[in-house]
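Asks: Just passing along the structure, written as structure tokens.
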Amino acid sequence: MKNNLPIKSRLLYKRLLSYVKPFWPVLLLGVLANILYSGIDAGFTYMTKLFLDKSFITIDLNFVKQIPLIVLIGITLRGLVSSLGSYCMTWVARSVVKVLRQTVFSHIIHLPADYYDEATSGQLLSKILYDVEQVAQVSADALTDFIQNICLVIGLLTVMMVICWQLSLMFLLTIPFVGIIVNYTNKRVRRISHKVQKTMGEVTEIASEAIEGYRVVRIFGGERYEITKFNKATEYSRKNDMKVAISKAINVSGVQLVIAIGIATIIMAAIHLSTVITISAGSFLAIIAAMLQLIKPMKTLTTLNATIQRGLAGAESVFNLLDLPLERNNGLILKEKIRGEIEFKHVYHAYRQGQNILHDVNFVIEAGTSVALVGHSGSGKTTIASLLPRFYELSQGMITLDGMPIQQLSLESLRKQMSLVSQNVTLFNDTLANNIAYGRFDASREQIITAAKLAYADEFIKQLPDGYDTRVGENGVLLSGGQRQRIAIARAILKDAPILILDEATSALDSESEHYIQAALEQVMKGRTTLIIAHRLSTIKHAHKIIVLQHGRIVEQGSHQELLDMDGHYAQLYKVQQFGRINEEVVA
């Protein structure tokens, strides 16, 4: 592990620089400005020797008269190049953050569904916001400070060597000890930084869950529990931050001690070796001034190390995410709408190499017909609906669309043929019109209104203050459950896809609304292949075929009346919902 760390750091730097490369002209200008800034500082230190020697030892009136002009020009130029360097480096950093955030977001959007099953929204937000921001500190603040201070250190050491190389060599003997201290804190800070990122993800996750589920939190009296949980996470985060601070303190104090020993050694050497080393008062004071000036950049470089390590840990987290494989998306691009014939052939499926959820599932949905999936929770209904648009890849078997295996179609082409209305409605913090037209951004206002009318949403939309331009709030919080569901149905109607997936599409509606929506859906379903998932069997009586699932296997198929005549699983489920009676032997 120890040997791999420098190699890993170099690889991270190299990969990070690939994002900086497009902005190299501005970066180069910023680097040159910072080098000039450090050169001016080192030049002022060398001028100390001339000021003393030519102003007090051997007086040079011409030089003395030039001192105010030298100081004015030097300080003015120093301020200008400092501002230029800071602006250029910040511009590069924010540009890198923008590109990296866009890349991370685009990658997350295209990750397979099983990744979302394991990762929380808080963890993902932490990567986009916190981890990428740590990378910004490496590519701007840290880089600026590093260039300025390393150039200043080199400049000051050069000044010392020019003035008196013998004393300067003595000081250089302290460098290996500084390296030992920095190397130790490098590893410690990187390790702690990974913990800091993890705790930030936990803090974001806890806050996100509590805010989104505030109704449940309040009705079940969970405020104190959530506050305690959040406080524990923030306290753990604080402790990790303090560990980083301790590492910084050890770094700074250790380096300052080494430099102090170096300065003391040089002063003693200058006193005891005065007969061997000839040096003027101005030169001696200039060397001492240079050594004292070295303390600040050396201190900055050592504290900078913690920032760099946090940034590298952030980069590692971001790049690990970017290395995750995307959804497999190689296949044919369909230019026309399909007819909509669906066939499942010997389909098996397991999540993440676990036990099979589906076992040898076989059925056909003729184009333009409706098929309903029924069964107890966990029987595999939603899994079947998720396999069709390839949210998950099959473990075994084949699903065909108009005779073509869905794996041979591009994801965009495949999903373009489908509309979805699920039990958990997703609305965006945008206008009602834009929510209905989601995925059909070229739709006219007339088309949007027509879809809303078919979904029985037009009436309540017109009663809102801004009508179709009313913003719905985060996830449609300003709408009732039934209203949100009708907007989702209007969205599916507007897409006008040949395949319609209804996952408990009427579950959030009251009886009156459900009656209207059911009538609207029957009209929309005409000529479309429709896959219906429902718990309320009264809503699927008119489906062309009903498939009964139990423990991931198909146990019955047929029309509503045919299944009732069988007096099997479906008949028992129907009796339970209609009359509250059940034959336990049949359902088990």
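Using the three backbone atoms N, Cα and C, a Cβ is placed for every residue, glycine included.
The structure displayed is predicted, hence computed values, not measured ones.
Residues or ranges marked as ATP binding site by Swiss-Prot: Gly375, His376, Ser377, Gly378, Ser379, Gly380, Lys381, Thr382. Among the features that Swiss-Prot reports, domain 'ABC transmembrane type-1' is placed at 28-310. Here Swiss-Prot flags 342-576 as domain 'ABC transporter', drawing on sequence analysis. According to Swiss-Prot, the transmembrane segment annotation covers 23-43, 56-76, 141-161, 162-182, 257-277, 278-298.
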Asks: Which is it, of Ser377, Ser379, Thr382: the one of these binding-site residues whose Cβ has the most other Cβ atoms within 10 Å?
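Replies: In terms of Cβ crowding, the pick is Ser379.
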Asks: Which has the fewest other CB atoms in a 10 Å radius around its CB: Gly375, Gly378, Gly380, the listed binding-site residues?
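Replies: If we count Cβ atoms within 10 Å for the binding-site residues Gly375, Gly378, Gly380, the smallest count is at Gly378.
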Asks: According to DSSP, which of helix, strand or coil covers Lys381 (ATP binding site)?
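Replies: Helix, per DSSP.
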Asks: What is the set of residues, excluding Gly375, His376, Ser377, Gly378, Ser379, Gly380, Lys381, Thr382, whose C-beta falls within 8 angstroms of the centroid of the C-beta atoms at the ATP site?
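Replies: Near the ATP site, the remaining chain residues are Thr383, Leu549.
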Asks: Please identify which of His376, Lys381 has the densest Cβ environment, defined as other Cβ atoms within 10 Å, among these binding-site residues.
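Replies: Comparing the binding-site residues His376, Lys381, the most crowded Cβ belongs to Lys381.
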Asks: Please work out the mean pLDDT for the residues of the domain 'ABC transporter' (342-576).
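Replies: Reported value for the domain 'ABC transporter' (342-576) is a mean pLDDT of 85.
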